[in-house]
Each structure stands twice: as structure tokens, then as C-alpha cells.
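The structure appears below as C-alpha cells.
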Amino acid sequence: MAPALHWLLLWVGSGMLPAQGTHLGIRLPLRSGLAGPPLGLRLPRETDEESEEPGRRGSFVEMVDNLRGKSGQGYYVEMTVGSPPQTLNILVDTGSSNFAVGAAPHPFLHRYYQRQLSSTYRDLRKGVYVPYTQGKWEGELGTDLVSIPHGPNVTVRANIAAITESDKFFINGSNWEGILGLAYAEIARPDDSLEPFFDSLVKQTHIPNIFSLQLCGAGFPLNQTEALASVGGSMIIGGIDHSLYTGSLWYTPIRREWYYEVIIVRVEINGQDLKMDCKEYNYDKSIVDSGTTNLRLPKKVFEAAVKSIKAASSTEKFPDGFWLGEQLVCWQAGTTPWNIFPVISLYLMGEVTNQSFRITILPQQYLRPVEDVATSQDDCYKFAVSQSSTGTVMGAVIMEGFYVVFDRARKRIGFAVSACHVHDEFRTAAVEGPFVTADMEDCGYNIPQTDESTLMTIAYVMAAICALFMLPLCLMVCQWRCLRCLRHQHDDFADDISLLK
């Protein structure tokens, strides 16, 4: 989750996962309806096949299906740490940059990293503290040998934060014991001098500076059991597996190397433009974050989007708590009326000047199944679009429709339709383009920067103001002390007189 991670992840606000709670399910009758309107027309384009690059050829069979997890609790990969190797499940998080593992007993952990048992552990004698919007962890920094059994056949020495204390970080039943931050060093804790795991991997091996994620999500199977509540996917390290997507990959530039920041230039609900200043979509940033569950939107954008989604799905009446993510809606198993819900389209800046492409998100993505309250008679869902105070976050529910390529070498992120996304017979997720969009650079939000000279000027002005306030106070104190001295002398004289009497 960013360092300002929401409850990992799936918190809405930093990057953290949402806590599992008991929700009131709202039972709604099923009504028949037509499929949503067809997607808008796009401009003609030439074939957009990605170029082959060194390290992108070859087989990644051993990495396919190497992710596991539970709906709403994140995706994890198996890793080994230390000598002899200690096996741990590690949450995959593109919204933070620390590799951190539980290193002390915790009620929600079945196992943890025991540094004293590793002959290759090196203590850096430095602490680290990471707070989230809700939750936190702290620990001790060190290095050790790390490998990924269902990944590249290499072992690297990497920085590890051994988590010794935490609050609302680990999730009961999630089955992961640590977090693998895959973002850039700029947001690493305690500072950007701490090299993230993926940087160490690329530097110490010949693996190309690229990875890709296919998050497959969870739909309701016909024969539902607790075991089937899990989700899966693939993390391909060092390249692209063409079997994991259909169609072409479309790339958007990474605006800044801290989070995986991108620029959204337009938002549509069922083909209807929200018609907002595009800066609003990116206020104060837009990031791709596998460690957050929801699609999180800035306040104004969220309100406009919900208004449009409500209007499009008006054949059913939903409680206000549903749109706030506080209540669930349930239908009889297998009868969810997907067709009454609109698609959401996000237009992303393309690599070519004045061109964008759009990713189309289905209701099967933004209505998240909640298995722990569903019965064999009901399918229950949570609205997985929420309000954000830290910009737009394209979380796991968005990524579950697409194969997402984090091409760090070329500073770009690619999107293609995932071969495993959940859809119905009427609509599928889509990645389409190009579309002509002018002045896209203006859509990025620039955080105001104050130079040192301005700060010094402000400091001098504040000091002068303080001095002006302090001067009268000092004069008053001096005057009071003088009067007190005079009064004290007078009191002594009076006492002497009384004695004489």
C-alpha cells in the first residue's frame, strides 16, 4: 500500500486492505433487462502489436498461476528468505516500496521470519516505521538472501524490514505474512536510500527491468464452498506472457517514478462523459496499485460517477449505504442482473502525442463478491468504488479485468484484456484506441513546489512577527517585576513599623 497506504489495501486511503466486517445484506428482486448500450466508436488505427524486446521471449510457464489470495484481501506470492530457506506468503503491492515480513509472533500469523535461524541475515542496525491511514507497522532493517520458487531461478540479497510490532496491518485468514513493495525507491521507508527488492533483483541478475500482473478475481461458482472463495493470478518477472491476454497491449507513460503514476484524461459511465476538468481526475495523483482493493476516486469525481451509475441502474433501488460501501446487496444465487449496471471507461494518456486509449471496466469488477456472508441461496456484493483524499487509485478490482505490464525500463504501463477476467455473454472488458485527445499534459496535477529562498523569506517574516508580539510582552514583564520589587520594599518597611509599635 503507499507508504500512505490505506489499510493495505484494501483500505481506502493508503493502500491498506479493508477490514472484514459483518454487513447487512439487502435482498433485491431480479428484473429482466437488456444489455447495456454498445461501446462508443473509436478512430481507425494501425495494428498496435508490441515490439519484442530482449528478455521478453521465452517461456514463463513456471510463473503462471503463482499468485493466490482471497477476495478483498490481496494477492500473494510464495517467497523464501534466509539460509536455510524459510517459506512465507508475501502480498504483492505495486503501491509501496518496502519488502517487509512478520518477524514476531502475531495472532493472525501461522508462521513468521525467524532471523536468528538464518546464517545469512545481516542486521543494518536501523529501525523503520510505516503508518497508514488506518494501521501501522514498525520493525528493524536488515538484509538476507531471497528467492521466489515459482519465479526466476535466482537468489538475491535484498533489504528486509523485520516487522516486530503492528496494528491493523495483518488480516485474519488472509494467509500472507509480509508485503512486497514493487514501486520505486522515492517512497521507500525510512528514506529513498533503501533499495527496493525489484531494484536489487535487476541489479544483481540479468533479468530485464519489467514485470507483469494478471489478477483473476473471484466470481461466484455454481458449487460454492469456502475453498472456492480464493482468487488466483500470475506475476511474470522479467517479461510478458502472451498467453495471459487477448488483443493488443496499449501503453501509457509513467508520469513520475515514485508510485506507478499515470494520467487519466477522461471518464465515462456507459459512454456518457462526466465532462469534468481532467485535472480533477488526477488530483493529486492517479496510480496503479495492486495493494488497494477498490477503484478510489477524488471526492468530486466520485460524487459525479456515483450519480451517473445510480441513474443508469435506476431500475433497481439501492440503499445509500450500498453506494458508500457500508451495505451489501444480495440476489438469489446465479441471478445477479449485471445488465442493469453500466460500464465505467477510463481514458489514459497514450504514448503518441494527442492520442489516448480507454479501458472499459465491467460491473463484474466494481461489484466485489463477498463470500463470507453469502449462502448457497444468495450472491452478495459490495460496491468497490470509493472516495479518496489522495487521488485516483486503480486498485485490484480494476486490474482484475486486465493484464497489466509494468515496463520500468521504458517508463510505461501496458494494459490488455485479461484472458481470465469475469464477464457475461453481453459484455467483456475492453482496451481500445486510439482516440484524439488534445492538451493531455495539462491533465496532470502538479503539486506546488516552494523553493528554499521563498521558505527563508517566510521564516524571516514569521520571526519578525513573533518579535513584534514578544516585545510588548517583555516590557509588561519588566514593568511587573519592577512594581513587585517596589511593593516588596514597601511591605518590609510596614512590617518594621509594626514591630516598633
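Glycine residues also receive a Cβ, built from the backbone N, Cα and C atoms like all the rest.
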Name the residue from CYS278, CYS380 that Swiss-Prot records as disulfide-bonded to CYS330. CYS380
Given the candidates CYS216, CYS474, specify the residue that Swiss-Prot annotates with S-palmitoyl cysteine. CYS474
Among CYS420, CYS482, residue with annotation S-palmitoyl cysteine (source: Swiss-Prot): CYS482
Selected from CYS278, CYS485: Swiss-Prot disulphide partner of CYS443: CYS278
For the region 'Interaction with RTN3' entry in Swiss-Prot, name the matching range from 88-110, 157-179, 226-248, 479-501. 479-501
For LYS285 (N6-acetyllysine), the same-chain residues 6+ apart in sequence with C-beta under 8 angstroms from its C-beta are TYR259, GLU261, THR390, GLY391, THR392, TYR445
If I take the Cα of CYS216 (disulfide bond) as reference, which of the recorded positions ASP93, LYS279, CYS380, CYS443 has the closest Cα? ASP93
Looking only at LYS275, LYS307, the modified residues on record, which one has the least crowded Cβ, with the fewest other Cβ atoms within 10 Å? LYS275
Want to know which recorded positions, from LYS126, LYS275, ASP289, LYS307, CYS420, are within 10 Å of ASP93 (active site) at Cα; which are they? ASP289
When DSSP is mapped onto helix/strand/coil, what comes out for CYS443 (disulfide bond)? helix
For CYS420 (disulfide bond), what residues in its own chain, 6 or more apart in sequence, show a Cβ-Cβ distance under 8 Å? GLN214, CYS216, GLY217, GLY233, LEU244
